[in-house]
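Record features (Swiss-Prot):
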type	residues	note
BINDING	8-32, 44, 162	NADP(+) binding site
């Protein structure tokens with residue numbers, strides 16, 4: 001990539017990960033065009049305007065994932081596009097129409113706008129490690145790498161709609177990019193933990209808050225899970241954009257641990273919090289991730305301690321938790 005910092009677009013800029021990515025890009029000296037549903041919503045976007053460099057180098061524009069052409073203006077003239085936006089998942093009786101189609105079409109609509117932009121150098125798509133790990137035929141002793149894809153049939157059978165939507169959307173993105181000569185790189189983060197910039201907690205941050213308050217409902221399904229600091233994921237997006245040799249998929253995950261190990265760690269580190277002690281044992285295959293590909297580009301992952309220390313400090317600052325004593 002050109003060493004001079006240029007203009008880039010971040011879709012869904014007000015989201016949990018996207019906000020942190022915008023923060024990182026501004027600190028790196030990029031001019032950032034962020035797409036949002038409603039640029040006039042001052043309350044929802046105030047956290048973006050507070051970022052260092054925002055007044056000089058951030059512009060927010062309206063775009064709708066389900067409207068073809070609505071990203072044209074935001075993307076035109078940008079050297080890079082970071083597509084982090086994805087449809088909001090809600091309980092549904094029609095996952096095909098309300099989860100799968102929006103995820104695929106939303107991604108393709110962004111790529112259709114990218115195709116029209118002669119300045120484009122690279123698109124970085126936020127996918128998910130769930131596009132790799134949902135299989136029933138892998139060897140638990142061999143870490144999962146980027147060559148592996150989640151089983152579509154397994155997702156449908158067990159109604160794992162989020163993983164299926166991410167898998168189908170990423171596969172559609174690869175097909176479209178190959179057919180249209182778009183330089184695409186995908187980032188596959190595991191479960192994000194860390195400070196939250198938006199005023200309202202996303203489902204991920206809300207799940208962590210629930211666990212720290214003693215709730216078991218959301219985390220009981222985690223079983224074996226990869227965790228990663230939000231800053232590592234944002235930095236990964238920038239690293240794979242800037243490294244000319246970067247190509248293909250990049251798993252982005254620090255620790256893969258069991259739920260029992262997680263709550264044991266949390267209870268020991270934050271004894272003043274009512275961390276649940278017991279969860280129902282899930283019969284799931286052990287797995288680990290091979291992250292040598294992204295580490296070969298120089299990325300070093302933050303520790304589990306840093307993830308949760310930063311997350312808890314943010315939750316305290318925002319008033320979701322009272323002061324946590326070590």
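Positions of Cβ are set from backbone N, Cα and C atoms, glycine also.
Note that this is a predicted model, so its numbers are computed, not measured.
Positions of the features from Swiss-Prot, shown on the structure.
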{"residue": "8", "record": "NADP(+) binding site", "Cβ contacts under 8 Å, 6 or more apart": "25, 30, 31, 32, 33, 78, 79, 80, 81, 82, 241"}
{"residue": "12", "record": "NADP(+) binding site", "Cβ contacts under 8 Å, 6 or more apart": "18, 35, 36, 65, 84, 85, 86"}
{"residue": "16", "record": "NADP(+) binding site", "Cβ contacts under 8 Å, 6 or more apart": "192, 196, 197, 198, 202, 204, 205, 230"}
{"residue": "20", "record": "NADP(+) binding site", "Cβ contacts under 8 Å, 6 or more apart": "194, 195, 197, 230, 231, 233, 234"}
{"residue": "24", "record": "NADP(+) binding site", "Cβ contacts under 8 Å, 6 or more apart": "231, 234, 235, 238"}
{"residue": "28", "record": "NADP(+) binding site", "Cβ contacts under 8 Å, 6 or more apart": "5, 238"}
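Under the three-state DSSP scheme, residue 12 (NADP(+) binding site) falls in the coil class.
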